[in-house]
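Right, one structure below, let's go through it.
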Amino acid sequence: MGLLERLRKEWFIVGIILVIAAAKLEPTIGGKGGPLKPEITITYIAVSAIFFNSGLSLKTEELTNALMHVKLHLFVQLFTLVFFPTAIWVFLQVLSLTPINEWLLKGLQTVSCMPPPVSSAVILTKAVGGNEAAAIFNSAFGSFLGIVVTPLLLLLFLGSSSSVPFTSIFSQLFMTVVVPLIIGQIVRRYIKDWLERKKPPFGAISSCVLLMIIYTTFCDTFSNPNIDLDTFSLVIIVFIIFFIQLAFMLLTFLFSTSKNTGFTPADTVAIVFCSTHKSLTLGIPMLKIVFAGYEHLSLISVPLLIYHPAQILLGSVLVPTIKSWMLSRQKALKLTRQPKVPL
């Protein structure tokens, strides 16, 4: 694959780097009170646009196909929204004794509170040949669940900014997240055939709006002379993120393949990806609302910005290995179930 083709394929990750660089060069453009007026365009319009887009693109009619696999869904959601944040909280009690930047550590906690993404876990499950219907259900259901659970987890583990009261956070979440999502689902009912025929680039649209949110977030950071990020902390956080992903992928793999769980090899693939992936699309707008007024908001966002490309990179690298395991396991199970030929 040529360099240009690779850049075109990974345009979003390239975009993140470019918008952060642009914010560094001239932070006043996207900062508070700047020409872009992020306090209106981002806080209300951009966030609402992302969730309206999610409402349009979520195929809720497909969820019924996987609805009955209760044990699998229960495991994924409990692992993602209960075990993951709790385990990271315990881990951070140890890391807080190190010289790593405390706001990056808080950022790791925010990563753990995020719901599964709508796309990446499904794409990787499909690439391996795993239980795609289960992956679709858990990604979509986790996104809906995350609208309520994620802000509660963030407030539980980190608290909100002192300038924004609890009721204000949830009223804003309702107006900019829940309402646009519901409107998107209602509109989808009426134009479903057109959407299926034309297949609008929902992912690309959300990603472009997300780049705008990331840009203004970092404009605020670089406008603040009090914020200092050391290279040591950043490098260590990258290593920690890859370690967490690998450790949790291994943990979910070992559990789902143990005896008496009843999961098929295809189920295991969906479990491994859906349980360990975290949503950037839902995460950044939520952080923007819950931590409004935090001068360190962008530092808190950094681990999530790293986690997103890391999970795609790691997942893509492991696709051939996981696929090979799944096919050999399915073959072995098929052989053991075949009736023995009498002598």
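Backbone N, Cα and C define each Cβ position, glycine as well.
Database features, via Swiss-Prot:
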{"type": "TOPO_DOM", "residues": "1-10", "note": "topological domain 'Cytoplasmic'"}
{"type": "TRANSMEM", "residues": "11-31", "note": "transmembrane segment"}
{"type": "TOPO_DOM", "residues": "32-37", "note": "topological domain 'Extracellular'"}
{"type": "TRANSMEM", "residues": "38-58", "note": "transmembrane segment"}
{"type": "TOPO_DOM", "residues": "59-71", "note": "topological domain 'Cytoplasmic'"}
{"type": "TRANSMEM", "residues": "72-92", "note": "transmembrane segment"}
{"type": "TOPO_DOM", "residues": "93-116", "note": "topological domain 'Extracellular'"}
{"type": "TRANSMEM", "residues": "117-137", "note": "transmembrane segment"}
{"type": "TRANSMEM", "residues": "139-159", "note": "transmembrane segment"}
{"type": "TOPO_DOM", "residues": "160-163", "note": "topological domain 'Extracellular'"}
{"type": "TRANSMEM", "residues": "164-184", "note": "transmembrane segment"}
{"type": "TOPO_DOM", "residues": "185-201", "note": "topological domain 'Cytoplasmic'"}
{"type": "TRANSMEM", "residues": "202-222", "note": "transmembrane segment"}
{"type": "TOPO_DOM", "residues": "223-234", "note": "topological domain 'Extracellular'"}
{"type": "TRANSMEM", "residues": "235-255", "note": "transmembrane segment"}
{"type": "TOPO_DOM", "residues": "256-270", "note": "topological domain 'Cytoplasmic'"}
{"type": "TRANSMEM", "residues": "271-291", "note": "transmembrane segment"}
{"type": "TOPO_DOM", "residues": "292-298", "note": "topological domain 'Extracellular'"}
{"type": "TRANSMEM", "residues": "299-319", "note": "transmembrane segment"}
{"type": "TOPO_DOM", "residues": "320-343", "note": "topological domain 'Cytoplasmic'"}
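Contact counts against the transmembrane segment (72-92), taken as Cβ pairs under 8 Å, peak for 271-291 among the stretches 11-31, 235-255, 271-291, 299-319. Contact between the transmembrane segment (11-31) and the transmembrane segment (164-184) is not supported, since fewer than 3 Cβ pairs fall under 8 Å when only residues 6 or more apart in sequence are counted. Same-chain residues lying 6+ beyond the ends of the topological domain 'Cytoplasmic' (1-10) with a Cβ under 8 Å from its Cβ atoms: 309. Non-local neighbours of the topological domain 'Extracellular' (32-37) in the same chain are 216, 219-220, 223; each lies 6+ residues outside the stretch with a CB under 8 Å from one of its CB atoms.
Counting residue by residue with DSSP, the topological domain 'Cytoplasmic' (256-270) contains 8 helix, 0 strand, 7 coil. Across the residues of the topological domain 'Extracellular' (93-116), the predicted structure has a mean pLDDT of 91.
Below 8 angstroms of C-beta separation, residues 76, 80-81, 84-85, 87, 138-139, 142-143, 145-146, 149-150, 153-154, 157-158, 229-230, 232-234, 236-237, 240-241, 244, 274-275, 277-279, 282-283, 286-287, 296, 299-304, 307 of the same chain, each at least six residues beyond the ends of the topological domain 'Extracellular' (93-116), sit close to that stretch. Counting Cβ pairs under 8 Å to the transmembrane segment (271-291), the top-ranked stretch among 139-159, 164-184, 235-255 is 139-159.
When each of 38-58, 117-137, 299-319 is checked for Cβ pairs under 8 Å to the transmembrane segment (235-255), 299-319 comes out on top. Non-local neighbours of the transmembrane segment (139-159) in the same chain are 54, 58-60, 63, 73, 76-77, 80-81, 85, 89, 106, 109-110, 113-119, 121-122, 166, 169-170, 173, 177-178, 181, 274, 279, 282-283, 286-287, 289-291; each lies 6+ residues outside the stretch with a CB under 8 Å from one of its CB atoms.
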